[in-house]
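Structure first, then comments.
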Amino acid sequence: MIAAQAKLVYHLNKYYNEKCQARKAAIAKTIREVCKVVSDVLKEVEVQEPRFISSLNEMDNRYEGLEVISPTEFEVVLYLNQMGVFNFVDDGSLPGCAVLKLSDGRKRSMSLWVEFITASGYLSARKIRSRFQTLVAQAVDKCSYRDVVKMVADTSEVKLRIRDRYVVQITPAFKCTGIWPRSAAHWPLPHIPWPGPNRVAEVKAEGFNLLSKECHSLAGKQSSAESDAWVLQFAEAENRLQMGGCRKKCLSILKTLRDRHLELPGQPLNNYHMKTLVSYECEKHPRESDWDESCLGDRLNGILLQLISCLQCRRCPHYFLPNLDLFQGKPHSALENAAKQTWRLAREILTNPKSLEKL
């Protein structure tokens, strides 16, 4: 048994050193190319409207606010200033979303974003995004990369298509530090020793982002309060949780397997599903020794089996916001197909680790 485990770990490490590192290098090259174009567009936006200041800065070889959705799809979060005069309200009525409400009606004129405040005192995510979309469309026509970049049509999101190969979504957002959403108040679970109190304090201090983007849990609902709502995002908190042991290596292998074998019709699976399942696996295996290099095969196998279970149940709860289903709106046939494909993949890896050379 131990020999079989060791063999699997050996082949997973080989896979990581060859396939995953090649994927990372290719994505890093793409990011540099894409960020040159996005920075140029945002510089042009800032000239037209100084309230939208580019926050796309490179630090330690990574860009703050940039998320890799897939090797050809990215999201850049554009942090806005001055959320000050608004209260953050998440009463759970909009899963995965919250609203920003004027703390005092008399402060309306003090807000940097006064024309985007609704009659009822909410800062409208939709109105800000609409204004930003107009500015980006103008900037695309003026910027020095105008021959290789165009706006993606038929969406209220701000999306750029670059060199007909890559899609980048630029999302206006507020960074919320030092507060924690009520809808995530159950976290961490009291009976689970992971993460330790110090890491919990770090994660909560890191806070979360409020994004101006279409909220999939509200698809089909048209009430104005809902279209004015902001989407909660915990990217930095999640990254912090997945430090240490073989967690990041495990996630990297899962992302590479997804890119190569689970990019399926209906797009049932993305990298965020993988990231979410790694967090759940950390809860199931709370000891640091469970994430030793020698356990890499066990952890990967556990996550793939959990993924199959989620696909068969057609439900994948968000790690911090369990009322939010990450499979919402995905076609059932696509989820079933993904379950079958994941099962084939898991069986292949477990019964014949050497097959990773071809996967």
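Just so you know, glycine gets a Cβ as well, placed from its N, Cα and C.
Neighbour list (Arg23 (ribonucleoside 5'-triphosphate binding site), Cβ cut-off 8 Å, at least 6 residues apart, same chain): Pro71, Ser252, Lys255, Thr256, Asp259. Taken from Swiss-Prot, the feature ribonucleoside 5'-triphosphate binding site applies to Arg23, Lys24, Tyr63, Glu64, Gly65, Leu66, Lys248, Ser252, Ile253, Leu254, Lys255.
Under the heading Mg(2+) binding site, Swiss-Prot lists Glu73, Glu75, citing similarity to another entry as support. Under DSSP, Glu73 (Mg(2+) binding site) is assigned to a strand (E or B) in the three-state scheme. Same-chain residues at least 6 positions away in sequence with a Cβ under 8 Å from that of Glu73 (Mg(2+) binding site) are, in sequence order, Tyr166, Val167, Val168, Gln169.
For Glu75 (Mg(2+) binding site), the same-chain residues that are 6 or more apart in sequence and have a Cβ closer than 8 Å to its Cβ are Leu66, Glu67, Ile69, Val168, Gln169, Ile170, Thr171.
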